[in-house]
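To keep things clear, I will list the structure first and then write my remarks on it.
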Amino acid sequence: MPLLRRKPFALAETPEDLKPDEPVYQIRFTKDILRDYHDYLKRLNLYRRRIWMCKVTGKTGLTYEEALVSEQHATEKVQQFPKELATIALRTIQYSMLPLKVLADSIGEKLQECLFVGAELHGKKDGGAHPCKILKVILKGVDTFCYVVAWLDKNKTIIEQAEVSAEDLVHKKPLFSRNILKSFIRESTYRNAPWVLHDELAKNHGISTDIPEELRGRFSYKDGLLICSKKRKNEESPEDTDNCKRKRLDGTQVDDSGHEKENGQHKDEAIKYPIDDLLVKLSPEDPVFTDRPSPSKDFNIPMSCVGNLLMVWDFLTSFGRLLYLSPYSLADFENAICHKDSNVVLLVESHAALLRLLIKDDDEYSLAVKNRKLKSKITMINWTEYLCYFLEMINIPELQHREATIKRGHYGLLDVSTKLEILGNLVNRALETAIFRGKLDEIIEERHALGATRREEALEDGKRRREEKERLKAESESNGYVDGHHLKGANILTNNNHSIQNGYTGEKKIIEISEQNDPLASSGMGHLIPASRKTRKMLDSELKELMETGKELSRKELPKQLKADKDPPEKNSKDQRKQYFEREMEKRFIRRSPLGKDRDHNRYWWFRRYGRIFIESCDSKEWGYYSSREEVDALMSSLNCKGERERALRKQLEKYYNKICSELQKRSKELMHRIIDESVLRRSTRVTAQPKMNPANAFLKYVNKLKEE
């Protein structure tokens with residue numbers, strides 16, 4: 001049983017008055033049965049937190065399920081402990097006061113000296129140590145043994161047998177690791193300091209349960225368990241506790257047990273946020289949270305189909321280049337799915353792109369197509385035949401009933417849920433192909449390479465900043481005075497308007513070199529090194545070097561040199577590199593994840609190619625969306641950062657806020673232009689102009705520009 005804060009945790013009790021037909025919620029790995037959904041979520045989230053400890057191995061930072069698996073694996077290893085050695089180890093454990101690590105090491109040393117039948121070790125042979133296995137133990141005399149061993153090869157196959165003495169057998173490595181011995185100790189005992197074996201285990205191995213003499217005054221048995229009989233400090237009489245109370249200068253009453261009291265009431269302990277959202281309670285210090293805006297739900301398709309619609313559309317547009325399919329908007333896809341025509345180009349091209357991928361890579365489907373002797377090219381006329389063969393192959397009864405309708409050429413009469421279910425099965429089948437998996441492996445490698453490059457740049461940038469800081473520090477210490485004189489013609493200004501004393505120039509200084517007094521300034525040499533760090537010797541050496549080489553900087557080159565000196569990889573270039581890495585990561589899409597969840601476990605999705613934020617209910621039955629910047633701002637203002645889920649959601653919204661708002665504004669402008677165009681057409685009655693197509697029918701003009709010829 002996993003431990004919580006190193007103590008056993010009681011599972012939820014099954015309701016007594018449970019009816020056979022009553023709907024309940026059950027947690028899979030604990031079999032907890034709960035009636036209320038919020039109680040179910042609360043307990044499930046508790047089990048999913050990494051606060052659990054494996055009772056056998058002592059590993060911490062696990063979820064409840066991971067701790068259960070760890071206990072199971074550790075118990076299996078402990079059960080493989082040889083019976084010949086178990087008694088020796090248990091005698092060492094009983095009533096030992098050693099720490100766990102020291103006790104495990106002492107048991108390991110004792111077991112290292114034990115030789116038993118079946119032990120695999122090394123024996124001396126032909127001047128070397130060779131692997132062997134003990135087959136038999138022979139008693140030669142008093143405390144004198146010989147061993148019949150089998151010599152083993154690399155595959156642990158018996159080569160020959162021989163009789164050797166104990167001195168010829170060598171352990172090159174411990175019989176058991178320290179972790180296994182620790183697990184064995186924990187599994188065999190019910191308490192530590194001292195370690196006490198389970199009564200049944202001690203009886204089975206003939207180990208005494210009597211308390212040793214040195215522990216009899218400190219420990220005793222009560223109800224079959226060993227307890228400490230020494231009186232603890234906190235078990236004092238009420239009179240002693242009252243006498244220990246004292247008062248602070250501010251009037252706060254404090255007792256020796258550490259509990260503070262104000263006005264006769266206990267002071268509440270400070271809560272460490274964030275915590276589970278359902279446990280968060282509003283306090284007067286909290287900011288004013290706005291009401292969460294109600295999401296729009298004006299979908300053209302049934303609410304239960306929105307999730308499948310988003311999944312299929314996101315896959316087809318994200319991997320369009322692999323499928324040779326031009327991207328299209330979600331609105332066009334939604335309108336095409338609802339259209340009653342059987343040969344909508346957008347849907348035909350989407351089906352054909354997936355079917356072509358299956359013909360290339362899916363052995364089962366490609367074989368079925370070859371047996372039917374169909375044409376290799378999928379067209380607007382024969383695409384339904386390929387689709388029907390696919391439905392026969394996957395053998396889903398609900399979809400097979402629709403084959404007759406599709407074969408008669410009435411695909412458009414299918415309901416929306418059936419169309420999306422067919423596309424969903426095509427997508428799932430495409431995900432299993434070798435072509436798609438190879439593309440995913442390639443994308444993952446590219447993402448890893450980008451991440452490695454970004455880490456290397458960060459390390460180099462940090463190293464460069466440290467070196468620059470050290471160089472500036474060294475120069476600031478040496479450039480206060482040069483040979484005991486100020487720079488000629490230099491005015492040194494400090495923050496506190498004091499002159500330099502003892503070579504100290506203050507935290508910030510500005511050195512201005514006048515062009516009249518210094519000919520080097522007028523020649524443009526001042527741009528090579530920042531003026532605040534120049535000395536006379538440095539300027540003279542630069543001028544001398546240029547005179548020797550005959551090189552001079554022209555006036556046209558000076559601005560470029562100045563820009564190169566002022567703008568190395570600084571903040572602007574860092575931001576550009578960061579944006580570049582983000583763009584490249586977005587191009588290498590693998591899977592879509594929600595932005596986060598709110599306190600009620602509603603999921604929030606954002607698709608970068610569409611100006612909406614979609615909201616999915618916790619049971620995936622209800623969907624909605626936000627389509628304006630004001631709604632996003634109101635959503636962010638309604639999130640309470642004291643909760644774990646809403647804190648993470650707000651963080652993601654802040655991270656992508658600019659991108660989300662730009663997409664929302666872009667879509668709003670498109671809708672506004674459509675409204676203006678329609679109003680202009682309605683007002684211009686005298687001019688005969690060709691009527692524009694209804695935006696809802698824009699999908700009819702779709703052309704697949706990436707289609708394979």
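The backbone N, Cα and C atoms fix where each Cβ goes, glycine too.
TrEMBL labels come from automatic prediction, so no person has curated them.
As annotated by TrEMBL, domain 'WAC' applies to 22-127. Under the heading region 'Disordered', TrEMBL lists 235-267, 454-483, 551-579. The compositional bias 'Basic and acidic residues' annotation in TrEMBL covers 256-267, 454-476. Annotated domain 'DDT' per TrEMBL: 303-364, in sequence order.
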Would you mind splitting the domain 'DDT' (303-364) into helix, strand and coil residue counts from DSSP? 48 helix, 0 strand, 14 coil
What mean pLDDT does the predicted model reach across the domain 'WAC' (22-127)? 85
Going by DSSP, how much of the compositional bias 'Basic and acidic residues' (454-476) is helix, how much is strand and how much is coil, in residues? 23 helix, 0 strand, 0 coil
